[in-house]
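Annotated features, as they stand in TrEMBL:
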TRANSMEM  14-33  transmembrane segment
TRANSMEM  40-62  transmembrane segment
DOMAIN    42-235  domain 'Fatty acid desaturase'
TRANSMEM  74-95  transmembrane segment
Amino acid sequence: MRTNTPALAPDEKINWLASIPYFGVHLMCLWVFYTGARLVDVLVCLALYVIRMWGITAGYHRYFSHRAYKTNRVFQFILAFVGTTATQKGVLWWAAHHRHHHRESDGEKDIHSPIQKGFWWSHMNWILCDKYAETKYDSIKDFARFPELRFLNRFYLLPPIALAVSLYFIGGFSLLIWGFFVSTTLLWHGTFTINSLSHIFGKRRYRTTDTSKNNFLLALITLGEGWHNNHHYHQNTANQGWFWWEVDFSFYSLKVLSWLRIVSDLRLPSDSIKYSYKKYTPEQQAELNAPISFWGAVAARKQAAGDKVREAIATAADHLPTAAPSPTALLKRK
Ligand SMILES: [Zn+2]
Ligand SMILES: [Zn+2]
């Protein structure tokens, strides 16, 4: 899918050398044609997908990025550790960049907006360039004060490597391929859909300044993150599915953990937030339902960029002589 992306700065281009491990993990999946698939391999692959997706949604996202509930320091570390096994860099790196996404969502400064720089940029290219490689500690001071989290953030490759090595020793090469490489590749792209597809496909219930959508299928594969329009409308809630039919497995698990007193103070949306869409005027409602909202936003961005260029040309033209002197006039001057 091309969205006529603007030119990228040098530090926004894919760093192919540094991205070898990323593409290498994808290529390793091809070994499945050699190993075949035992039932246990596929079950472990799926189980590790779900457990690590949970580490990302309940941990990296809802706890570390949004502080949507409270927990003790030991469980906080467990959340960070499980999230780190998902191989999506360190917990502080992830949460700090995510907070930035919410501050700027789909604006010019948004880190991974499909509106601004196209589908592949929002899906993965923003991670593969140098621009966003460092942790923005300023945006995550509240958690950066814990030394154990700083350690995990710095040595974020240790948990995934430990997982891969354990799988090899427990179940041999085929468990390593399915349990780590296939599962991690699926997990990456499952997670990335929230930055790319859920800003493009789905329905909008709430008026937000971005193009976030609610999408049932994406909610299923991300344990509840697909209710992205709800989330962008009010980001600090422990649940992202706000109505009974909006499945949200991460929230169900947090609810159980709250009964066990492992987590507490789950933040929920008030009724005035949840039902605010009922107060929209028919025009506002029609605007929400407009199927072109993503392409409309891309067109608006291109129009705005075009206007800027035209304005610059017009300003420059004002400073030019109205017409170049004709060669005969130049000759006459002699
Ligand atoms: Zn978003
Ligand atoms: Zn968020």
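Cβ from N, Cα, C; glycine included.
Note on the domain 'Fatty acid desaturase' (42-235): mean pLDDT across this stretch is 94. Among residues of the same chain six or more beyond the transmembrane segment (40-62), those with a C-beta under 8 A of the stretch's C-beta atoms are 68-69, 79-86, 88, 91, 94-95, 98, 163, 167, 171, 174-175, 177-180, 182-184, 186-187, 190-191, 222-225, 238, 240, 249-250, 253-254.
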